[in-house]
Amino acid sequence: MLPDFMLVLIVLGIPSSATTGFNSIAENEDALLRHLFQGYQKWVRPVLHSNDTIKVYFGLKISQLVDVDEKNQLMTTNVWLKQEWTDHKLRWNPDDYGGIHSIKVPSESLWLPDIVLFENADGRFEGSLMTKVIVKSNGTVVWTPPASYKSSCTMDVTFFPFDRQNCSMKFGSWTYDGTMVDLILINENVDRKDFFDNGEWEILNAKGMKGNRRDGVYSYPFITYSFVLRRLPLFYTLFLIIPCLGLSFLTVLVFYLPSDEGEKLSLSTSVLVSLTVFLLVIEEIIPSSSKVIPLIGEYLLFIMIFVTLSIIVTVFVINVHHRSSSTYHPMAPWVKRLFLQKLPKLLCMKDHVDRYSSPEKEESQPVVKGKVLEKKKQKQLSDGEKVLVAFLEKAADSIRYISRHVKKEHFISQVVQDWKFVAQVLDRIFLWLFLIVSVTGSVLIFTPALKMWLHSYH
C-alpha cells in the first residue's frame, strides 16, 4: 500500500507544481500591466518632453486586391498596416517581472497614432480592426491591424480592355502635424509576400513615397503608395473583341450574297442590332466620362458606321440589280465600258458578253429590201397572183411584227441581265473595299493598345 500511496502523491504533485509555475507567469503579467497602466492616459502623447516628436515607422502589406470598379472609379483592397513607435510610458525591466520581454494588450488601452486613408470612398477612414498591440520592454509598440479599404481612383479607360491603371493610397495623421508625429517609411516596396492573385488584374509595381503637405506654418507628413495595375484582357478578348471582329467581317459577307436574295438587308440589320447590344454592355462597364473614349468604344463606333454604310450601299446595289429598260433609260456608254468591260477584268470576274444593241436598226434594212423586191415582183405578176401576193404580204407583216416583239423582249431581257451584271460588279467592288477598310481599321485601332500592353512586360 505504501508504494501505491507514494505514487499517487507524486502524480498529484506534478500538476500542482506546474500550476504554480503558470500562476507565477500570470501574476507577473498582471503585476506588469498594473504597473504600466497605473495612471496611464491614452489621450496624451507618450513623450518625455512636450516638444518631442513621435516617430511612427509605417509600412503596408497587401493581402488581396478585391476589386477594381471602373464604373464607380473605386479600388477595394485588403491590407495590413505596419505601425511601430516608442512609448516612453511603457518601459520596464524584464528581470523584475519574471523575464517578460513583451506583452500583448488591447489597442484601445494605449495611445495610437490616428493614421487614416485620405482617399477613402466609403466613409470608413480608419478602416482597420482594433487588434491587440505588442509592447516590448524597451517601450517599442508594434501594431499590425488588418484593414479593408475602398479608395478613390481616377480610371483611364482609353485602351480598355488593354489598359493600365495607376491608383494611389495616401496615409497620414488626421490631427497631428510633423512636429508631433512624423511618419517614416519602413520599406519603399509594398509587401506582397502573402498576396492572393486577382483573376482580372495583376500588380506590376507597388511602391511608397513620403511627402509633406504645407498648411501655413505647419507641415503634415504623409505616405503615398502607388499601385500600377494591368488588366488581364483574356476574358474581354474572347467574349467582346473577337465577336465584334466577327461581326465586322460578317458585314463584308453581305456583299457576297446574291442580290436576288432578300437576306442582304436582313443580315446587315441584324449585325447592327448586335453591335448596339455590345455597346450597351460596354456602357455598363466603363465610367461615364466625356474626357476619353475607350478603345473598344471607338472600334464599335467604327463598325456601326461601317455597317450603316453597308446598308446604304446594299440598298443602292439592289436598286441597280432590279433596273430594266422599261423603268430606266438605257445604260450610258461609259457605264457599259467601265462596268461591263474594264472593271470585271480588274476584279477577276468572268467576261460579260455585250449584247446590248438597238433592235430597230438591225431589222430596218431587211424590211426596206423586202418592200423593194415586192414592188418589182408586183410589176411582173398577173392580177390573180397579185391577190396571192397581197395575202402573203399580210402574213409577212404579221411575222415581222412577231419578230420585232420577240426581239424587243430579248432586248429588254439583255438590258436586265446587263444591269444585274453591273450590280454584281458593284458587289465585288464593295466586298474588297469593305474588307480592306475593316482589316485596316482594326489594325490601326488595336495596334497602339497592344504595343503598350506588351511593352509593360519589359
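The backbone N, Cα and C atoms fix where each Cβ goes, and this holds for glycine too.
Given the structure is predicted, the values throughout are model-derived calculations rather than measurements.
The topological domains that Swiss-Prot gives for Asn120 and Arg428 carry different names, which places them on opposite sides of the membrane. All chains included, 8 other C-beta atoms sit within 10 angstroms of the C-beta of Asn51 (N-linked glycosylation site). Cβ contacts within 10 Å of Asn138 (N-linked glycosylation site), excluding its own Cβ and spanning all protein chains shown: 13.
For Asn138 (N-linked glycosylation site), the nearest of the recorded positions by C-alpha distance turns out to be Asn51; the candidates were Asn51, Asn166, Cys167. Straight-line distance linking the Cα atoms of Cys153 (disulfide bond) and Asn51 (N-linked glycosylation site), rounded to a whole number, equals 37 Å. Each residue in the topological domain 'Cytoplasmic' (321-428) has a pLDDT score, and their mean in this model is 66.
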